[in-house]
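S.K.: Straight from TrEMBL, here's the annotation block:
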COMPBIAS  589-618  compositional bias 'Basic and acidic residues'
COMPBIAS  639-656  compositional bias 'Basic and acidic residues'
REGION    589-656  region 'Disordered'
TRANSMEM  12-30  transmembrane segment
TRANSMEM  42-61  transmembrane segment
TRANSMEM  94-118  transmembrane segment
TRANSMEM  130-148  transmembrane segment
TRANSMEM  160-182  transmembrane segment
TRANSMEM  194-220  transmembrane segment
TRANSMEM  246-264  transmembrane segment
TRANSMEM  284-305  transmembrane segment
TRANSMEM  331-350  transmembrane segment
TRANSMEM  386-409  transmembrane segment
TRANSMEM  415-436  transmembrane segment
TRANSMEM  534-556  transmembrane segment
């Protein structure tokens, strides 16, 4: 979508773009130079006591919706209709489930990495590394796509080379990582969220003026079949219907909100569980409003171009170009609007990259490097420096993945399918840990491995099956010389655009515009499995992990599988006591610390990181904090000449 506008026509857009990027970069880091600095790892990872509830809500909402809310949803409604709008049901359902299932379990455990909980629960480094490794690989692939997506839009709209944008995003992200922390990342999220809200409202107002009223924004798409809800087809191969939208998004959201480090890290940065619960539940109307805002923008854009589709008329090449085209076309009379819109896209990729680099570095340190002998016993300041260095390395890797996306075709679809395939196993292993008392490390590991293998088999097998892709009809019958602004002409491709895979403009494979003819043959196994909608991949992965994990755990149950009952959800523990049979025994793990630990000397609260700085992966160790020996099995009373021994006996609290 290379517009025929000269450099001088875009001078204000370039100026606004540069000013906004400078502001959105320096303002979050202002406190680094003139305010409270991150002096400890706790400050850097959690931003202790410095993040307001409002900022946290916007940051969580921003991470929930992602880049797809800016470009993806408006183009989805324009060319496919409102079916994806119903994924909102799954998002909204996931919030209370995360709040009352996941957060109560590990909020007060004193963990830094969410995958550290799996280590405590299963007493297994293997399970912990499987989960954290999956998160790292998935995040790196997604971030590579995320940082590259807006660079193509900026190249096609205002002519900035994609490599320059990619290097710029990566360089600023690394600077954020070195100078900031979670607080800086959340501040960047807030700036981006507020900016996109204002731009979206401006687009809706402009659409109202163009079509003649707010009511027309709803009436025109409805009359043209763009608004259709509550479609229960009962066919699992349909790309998306109400059932798959709700269930698919529910399991995907549970995996992201409840099992992903960058979200859990935000929950743990709050002081009390009550505050977390209030923030999450209050975030539901915020997410609904922001989610619907993006779709109303799409309705407004469609209402304006209902009788003259820019893509069908040859003014755009891809579905996701419709919103940038609208901004340049209808806001041509306001110099600088296009610049701030493109800068917001740039900043959106930047803020997502920054917050995820922070989480990736934390997971890598806590789950992998901190266990190496050379890093044992290093100071808090040294740990902080290592985490920042790891984050910088990841910033370079993400930039490399972004360049790979620009050079290779098919990377985007593969990475997005990988995301769908890995959400289920992650969610499944956490559900095993929290809700299945008999689950052990053997079952959890087998469940994750089997689930990964089968879901990846289905995922990549689906690439071999040709599927019909249906776009809703559009028209160019109403096109006139006055439909578009005078400065807008049909695109002419440069050498760079001709050699750039335009597929990268779509963050999700379901935004691909390639249309295939329907197949008339009858398909059998395994093609019928491959044809299942990708919306069900997370559900399939979760079910496989839980089913296989529970079965293997029953078959391999052993006395050494005991764990601290605080690692089990209270409701699951209560239900387990209702079943007949021998009562399960638990042990007390002294390495589990509450989130806020009262100091006996000063009466002040200490961060969990002040109390817990070492691995908690085993019970057969000597606790450095409590000075007690913890053994896996000791059916005999402790000897008087030995330190207190924690035996695998019923927890006194459990009997009450």
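Every residue gets a Cβ built from N, Cα and C, even glycine.
All annotation found in TrEMBL is predicted automatically rather than curated by experts.
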S.K.: Where, among 246-264, 284-305, 534-556, do we find the most CB pairs under 8 A to the transmembrane segment (94-118)?
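M.R.: Stretch with the highest Cβ contact count: 246-264.
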S.K.: Below 8 angstroms Cβ to Cβ, which residues of this chain, lying six or more residues outside the transmembrane segment (534-556), approach it?
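M.R.: Apart from its flanks, the transmembrane segment (534-556) reaches 236, 239-240, 244-245, 247-249, 251-252, 255, 417, 420-425, 427-429, 431-432, 436, 438-440, 442-444, 446-448, 450-452, 454-455, 458-459, 462, 509-510.
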S.K.: What residues elsewhere in the chain lie close to the transmembrane segment (284-305), defined as a C-beta under 8 angstroms and at least 6 residues from its ends?
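M.R.: Distant Cβ neighbours of the transmembrane segment (284-305) are 57-58, 61, 64-65, 69-70, 73-78, 82, 85, 88, 91-92, 95, 193, 197, 200-201, 203-204, 206-208, 210-211, 216-218, 220-221, 224, 226-227, 322-323, 326, 330.
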